[in-house]
């Protein structure tokens, strides 16, 4: 296994020509071959679950808002679910404990409780991410202790339990149980985000390794789009929202992750064992396995730092704010919330498909740095500055911001999101990847928490409260996203290089060290 990883090109600045490696092309499996699909299937199931869990927040908040508005026109829809604070009175659905008297002018001191407050929304959005952060911390130990295949089963069982807890929480409208379920499913997702990319990185054919690697993000965006599409269907079709059983719709919406968790269990049961194994004896040097203690944390400080920078690029440039609050953002731009959310997620998926052919031609480093720079510019110059009140008229602002969000998502999916999970592995030597990859994934979840918790609260505060001009807070947020992204892009241009096995090899034999800026591994098309 290690020999395959160390067999890299020695032409630092060259890309293989059409006649180079012809023999490898003749013997390598096709992208859609059964051999390759046997490896890539983990990306299909794991990525889709990861994406659906991410896209869950925006849709759930939208459906819950409808459930708590108490605008139902039938007794069954209103009185049947008193847990949402509604009661049927004569011929009208009313709030069970209204803060406002009939005919009063709703002011800041008179508002019936509808949906979640910005604080509760932020906590709900962060619950899964907190669990994911914990999961990513233990992912490395899980991999070295149980192996990759058994880790799949652990993830599936954890996610299944979490989905059951969420269903119970919906039935009784229990906010704390809902957040508990989200934390549990986040725990599974945190392990998943390290285990699945590592399995593909270690078991896919070298020619297809990076193309298979970006599939995790492709199917993550598919899962996000599926959540948005189902949300649109539940919000717009069938019985009208004024007559619908919204609790039932929330149950249906929350059942999809349960099915994906069961599918993941089946994949884990029948998946072939990974070629990557780790030593389990006290000395860490059992035959046939890599030593997980071969490198100490101190030896990997610089790759760990650059991993944290890539995680910052992934999360602090605004993608999660767009994903979780797409309905609100698109509503501020004059669109229907559920339709706007679906269009954003559909575009997110379509653009991610472009990463597959790009990965066969360009390196992960080239794609990541170029696209992070472009995405940051979109945040700053199209989504931020023009949206600030007074800079542009309403029609111009909406048009420019919509274009900016579309281009930002495209740039992000072309190279930032698609390459991140591959780089999280490639930055480190094979034996350190359980620790190093888990650390990088953990950092992106930490940044994710900051965005999910602070974005709604900060934008509302900057805008002057819930009744203020929300464009102001949104503009300031995207300006900051753009500036952070540009700083990270500069650091990555000078210092982001995947691990080079040849450097260790030459140092072990007394040769001259290979300079970090000329890593031969980066010249290979599979990187």
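Each Cβ is built from the backbone N, Cα and C atoms, and glycine gets one as well.
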TODO: Can you dig out which of the ranges 98-118, 119-139 Swiss-Prot describes as transmembrane segment?
DONE: 119-139
TODO: Could you tell me whether Swiss-Prot assigns residue 236 and residue 467 to the same side of the membrane?
DONE: yes
Open item on the list: Labelled transmembrane segment by Swiss-Prot, one stretch among 476-496, 497-517. Can you tell me which?
Closed with: 476-496
Task: Leading contact stretch, 176-196, 300-320, 373-393, 476-496 vs the transmembrane segment (404-424) - CB distance under 8 Å - done: 373-393
Task: Counts by DSSP class (helix H/G/I, strand E/B, coil) across the topological domain 'Cytoplasmic' (360-372) - done: 9 helix, 0 strand, 4 coil
Open item on the list: Restricting to the topological domain 'Extracellular' (65-118), what is the model's mean pLDDT?
Closed with: 64
Open item on the list: Can you see whether the transmembrane segment (214-234) and the transmembrane segment (339-359) are touching - at least 3 CB pairs under 8 angstroms, only pairs 6 or more apart in sequence?
Closed with: yes
TODO: May I ask for the residues of the chain that lie six or more residues beyond the transmembrane segment (437-457) and have a Cβ under 8 Å from a Cβ within it?
DONE: 57, 118-119, 121-123, 125-126, 129-130, 132-133, 136-140, 143, 190, 193-194, 197-198, 304, 307-308, 310-312, 314-316, 318, 320-321, 324-325, 420-421, 423-425, 427-428, 477
TODO: Give the residue counts of the topological domain 'Cytoplasmic' (140-151) per reduced DSSP state, in the order helix, strand, coil.
DONE: 12 helix, 0 strand, 0 coil
Task: Tertiary contacts of the transmembrane segment (300-320), as residues 6+ beyond its ends and Cβ separation under 8 Å - done: 54, 368, 372, 375-376, 379, 383, 408-409, 412, 416-417, 420, 423-424, 427-428, 432, 435-436, 439-441, 443-444, 446-448, 450-452, 455, 477-478, 481-482, 484-485, 488-489, 491-492, 495-496, 499
